[in-house]
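Undergrad: Mind having a look at this structure? Questions to follow.
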Amino acid sequence: MSQAYSSSQRVSSYRRTFGGAPGFPLGSPLSSPVFPRAGFGSKGSSSSVTSRVYQVSRTSGGAGGLGSLRASRLGTTRTPSSYGAGELLDFSLADAVNQEFLTTRTNEKVELQELNDRFANYIEKVRFLEQQNAALAAEVNRLKGREPTRVAELYEEELRELRRQVEVLTNQRARVDVERDNLLDDLQRLKAKLQEEIQLKEEAENNLAAFRADVDAATLARIDLERRIESLNEEIAFLKKVHEEEIRELQAQLQEQQVQVEMDMSKPDLTAALRDIRAQYETIAAKNISEAEEWYKSKVSDLTQAANKNNDALRQAKQEMMEYRHQIQSYTCEIDALKGTNDSLMRQMRELEDRFASEASGYQDNIARLEEEIRHLKDEMARHLREYQDLLNVKMALDVEIATYRKLLEGEESRINLPIQTYSALNFRETSPEQRGSEVHTKKTVMIKTIETRDGEVVSEATQQQHEVL
């Protein structure tokens, strides 16, 4: 072959390592292509075939750059070969290079297909997560917009109903308390009146006892006077008898004296003396009888008047006592009726208090249950918000990872689509491993998103980015 064969072949292999964290920088090494270069002399000349192997790495100096290609010479092999006119060329090295190139291209196709499959699966997963995220966001918005409002309306409505019932029960209790106070006032007034009536009864009984003592004293005085009257009557009768006896004796004496006068006419003054004595005795007896009768009549009249007065007072006291007894009986019946009414009202009040306490406890249980439901809904909302925040973080991480993969794919596509002449025209500069290690750097971006919630509602949301150069 008279024309020198000089071409640049590109041998590259895609070796990527995907980690679990989504924020891998773009500056990680992606491939290590090997660039063989063979030089063939012309016919009739002696030349050497030189092949150099370069290690190319992609580094990123920023967040979105495609990177730069760096090549370092690993070794040089020289194979002497002389071609003359009419001599057979040795294509063993070219065949080996072509075979290696075909193998590398086949491996690259397989790896590209696997990467495409993985990327398609990853995109499907991202779409699924986005759908889940949208569904969760819609559910969060629905819960945020409807459920708390409905629960709040139900809670407020039930609370208003409970307050209305409490007001009704409070009014009923106030009315019952007023009635009870009125009944207690009536009872106190009746008790005071009863005490007054009891005092009046005691005074009447004391007066009656005093009147009884007076009546007894009057009765005793009357009996004494009756006895004295009887004794006086007996004395009068006795005096009458004595007077009659004396009169009879005097008459007998007078008769004897008359006989003696008749017989003896010498005593004419005796009859006159007897007549004077009889007259004196009759006058004295009549005076005594009249005085005794007047005294007896006056005493009997006084005793009769006192007895009548005492009988009238006793009858009046008995009548008042009967009236007091009737009043006491009526007051006792009224007090018993008021006691029964008070007992029934107290029983109704206790029943109302028990029912009010049971209803209040039931309302408190309902309020506690509603508050527990509200707290549970708030916890559910907070949990959904946390899940939503986690999904947002995952989405952001996935977006960053997708952008990273997109930039990687764009860089690889731009690198693959470059013509071979571009790679042959590259000015590879040889660097040492120490210089490569000092020049290779990566940039790591960490995004921190802070969402503050209060009572299940988003209060504030802040995003912070931190850049680290590795």
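Each residue, glycine too, has its Cβ placed from N, Cα and C.
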Undergrad: Which residue, chosen from S32, S432, is annotated phosphoserine in Swiss-Prot?
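TA: S32, according to Swiss-Prot.
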Undergrad: From T17, T50, T106, T453, pick the one Swiss-Prot annotates as phosphothreonine?
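TA: The candidate carrying the phosphothreonine note in Swiss-Prot is T17.
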Undergrad: Look up S13, S60, S231, S414 in Swiss-Prot and give me whichever carries the note phosphoserine.
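TA: Swiss-Prot annotates phosphoserine at S60; the rest carry no such entry.
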Undergrad: Can you check which of S12, S42, S48, S82 Swiss-Prot annotates as phosphoserine?
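TA: Out of S12, S42, S48, S82, Swiss-Prot attaches the phosphoserine annotation to S12.
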Undergrad: Looking at T76, T103, T149, T431, which one is marked phosphothreonine in Swiss-Prot?
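TA: Record lookup in Swiss-Prot returns phosphothreonine for T76.
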Undergrad: Neighbour count, 10 Å Cβ-Cβ cut-off, for S361 (phosphoserine): what number do you get?
TA: 10
Undergrad: For the region 'Tail' (413-470), what's the model's average pLDDT?
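TA: On average, pLDDT over the region 'Tail' (413-470) sits at 57.
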Undergrad: To the nearest whole angstrom, what is the C-alpha distance linking S290 (phosphoserine) and S361 (phosphoserine)?
TA: 102
Undergrad: Going by DSSP, how much of the region 'Coil 1B' (152-252) is helix, how much is strand and how much is coil, in residues?
TA: 101 helix, 0 strand, 0 coil
Undergrad: Tally of helix, strand and coil residues over the region 'Coil 2B' (296-412) according to DSSP?
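TA: Across the region 'Coil 2B' (296-412), the residues distribute as 117 helix, 0 strand, 0 coil.
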Undergrad: Let me know how many other Cβ atoms fall within 10 Å of the Cβ of S290 (phosphoserine).
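TA: The Cβ of S290 (phosphoserine) has 10 Cβ neighbours within 10 Å.
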